[in-house]
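Straight from Swiss-Prot, the features:
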BINDING   118-125, 387-394  ATP binding site
DOMAIN    15-45  domain '4Fe-4S ferredoxin-type 1'
DOMAIN    54-83  domain '4Fe-4S ferredoxin-type 2'
DOMAIN    350-570  domain 'ABC transporter 2'
Amino acid sequence: MSRRKENEEVDKQTRIAIVSDDKCKPKRCRQECKKTCPVVRMGKLCIEVTPTSKIASLSEELCIGCGICVKKCPFEAITIINLPSNLEKHTTHRYSKNSFKLHRLPIPRPGEVLGLVGQNGIGKSTALKILAGKQKPNLGKYANPPDWTEILSYFRGSELQNYFTKILEDNLKALVKPQYVDQIPKAVRGAVGDLLDKKDERELQTKICEMLDLSHIRDREIAQLSGGELQRFAIAMVCIQNADIFMFDEPSSYLDVKQRLNAALTIRSLLHPTKFIIVVEHDLSVLDYLSDFICCLYGVPGCYGVVTMPFSVREGINIFLDGFVPTENMRFRTESLTFKVSESATEEEIKRMNHYVYPAMVKTLGKFELTVEKGHFSDSEILVLLGENGTGKTTFIRMLAGNLQPDGEVELPMLNISYKPQKISPKFQNHVRHLLHDKIRDAYVHPQFIADVMKPMKIEEIMDQEVQNLSGGELQRVALVLCLGKPADVYLIDEPSAYLDSEQRLVAAKVIKRYILHAKKTGFVVEHDFIMATYLADRVIVIEGQPSVKTTAFSPQSLLNGMNRFLELLGITFRRDPNNFRPRINKNNSVKDTEQKRSGQFFFLEDEACN
């Protein structure tokens, strides 16, 4: 009898019901979920909706997982997930009934950098809050939260027991660099230099400002800083203070390749045998360069997240890309993500293509001067623009788009152009569905476009949301769909990876690549995520010179030559991972690094022949 009871217990516990606060509106529907639920019909209170309740309440113990309520809900507010295994005993935190649930925690180690990798909405920021001591883990008992004695006995025998004991005795001070740096000007006022002086506890301010290239903006007000400058300022503010735990939530957004590596070196300069460093990062090549070991997070965004045990850097990132955790024998993604140099047009197709030429151009904006060398492009190819921030990549794209007139009389090829700007500000006052209907009416109902672009970008899930309420990543996906849905000869896409998580970046890269190739169009892409840039590029336009003063955009080069030239400017070398061919940065002055620099091969494509 007890065996049967145990089995029932396990069956009950491996189901999780989520009701979305934003979508569930019991006063605006006929409560179809409650009326159609077979358990409610049998007289048990599986779904409760009282006249005063704001959202429906589902009992996970009584739910049989039939999924009828999920289909019947007019607002698509209910999600019922059968958990992969009995994870109930590993619950670390749950916010409330029918809400997000986090299983297990990453285990930081003193003197090493822990990297966290996973999708958006899977619990990385929740894990950081708990490890920083800002959120008390309730072990899933949201109605009756446990006290610290119970929490410590729960983590007994693991490294986290000592960690939380130290936090409780108040021996550990935690500093967190926030994820959304664009919110900083709303909270902080003053000049950069003054704010840094106030917090300079380690007396390393000058050194850190030099590493992060902040010395020339010390007199500027916070409100006048660009996204990249705010990001570097936020990293500097954390690095100059004394603390035991340093946490960085997405330190590379808004930064160019060179600044990303400088930020990584600055963060690694904090290493000390007694200090903990935790980094959440979506740019996999930077995460690889920055971390000593990695924890992956998998699950269903917004529903539940599971933290894996720590792995070495290479193994951790490969597990994330494979979508399979060997230690738990758990597959969390149906297909693995690989970086084989992607499909390109055959010689026959190249002969039939249209070839376009753009002339040499010069553009002066205030004190900044951009010189563009003459170049050409053809259908079905993507040109990636590589250069630091402030070298005129967006200016070049806007000149091609006809939004900006070059100096003098210059004839640009007459082309229809679709442009996705770098900064996306939602002005539209209605739902996503209306926006798509207004802007790309023909494309968004076309079965081919739905299969190639809309489905992989998961637009269906956000169709009925207000455009004003979308998160950064959702806005980015909508902007990409709008850009690709507009009929044009040339697609100009400025930073498609901003706000997207690692998985969405790779999906977006595949979507852009496939669409441009099959629709026989041309794409110009500005991208700082190195993995995404290498995946997308057929040819490369390198922009050199002194940022914000005088720069030159060279004519397009092959991927290998262009990358070599660009990496030589940065002084970095790349190798490829033998398993999934992703580019990996060599550690500075390592054997491989010295060897490649000596031979002048900064970018390796040696296994391209066998792909």
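Using the three backbone atoms N, Cα and C, a Cβ is placed for every residue, glycine included.
Shown on the structure are the features that Swiss-Prot records.
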residue	record	Cβ neighbours (10 Å)
G118	ATP binding site	26
N120	ATP binding site	20
I122	ATP binding site	27
K124	ATP binding site	27
G387	ATP binding site	25
N389	ATP binding site	19
T391	ATP binding site	26
K393	ATP binding site	28
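Only residues 6 or more beyond the boundaries of the domain '4Fe-4S ferredoxin-type 1' (15-45), in the same chain, are considered here, and those with a CB under 8 A from a CB of the stretch are 53-60, 62-66, 68-69, 72-83, 98-101, 302-304, 465, 469. Averaged across the domain '4Fe-4S ferredoxin-type 1' (15-45), pLDDT for the predicted model comes to 87. DSSP places the residues of the domain '4Fe-4S ferredoxin-type 2' (54-83) in helix, strand and coil in these numbers: 5 helix, 7 strand, 18 coil. Reduced to three states, the DSSP call for K393 (ATP binding site) is helix. Per DSSP, the domain '4Fe-4S ferredoxin-type 1' (15-45) is made up of 12 helix, 5 strand, 14 coil. In the three-state DSSP scheme, K124 (ATP binding site) falls into the helix class.
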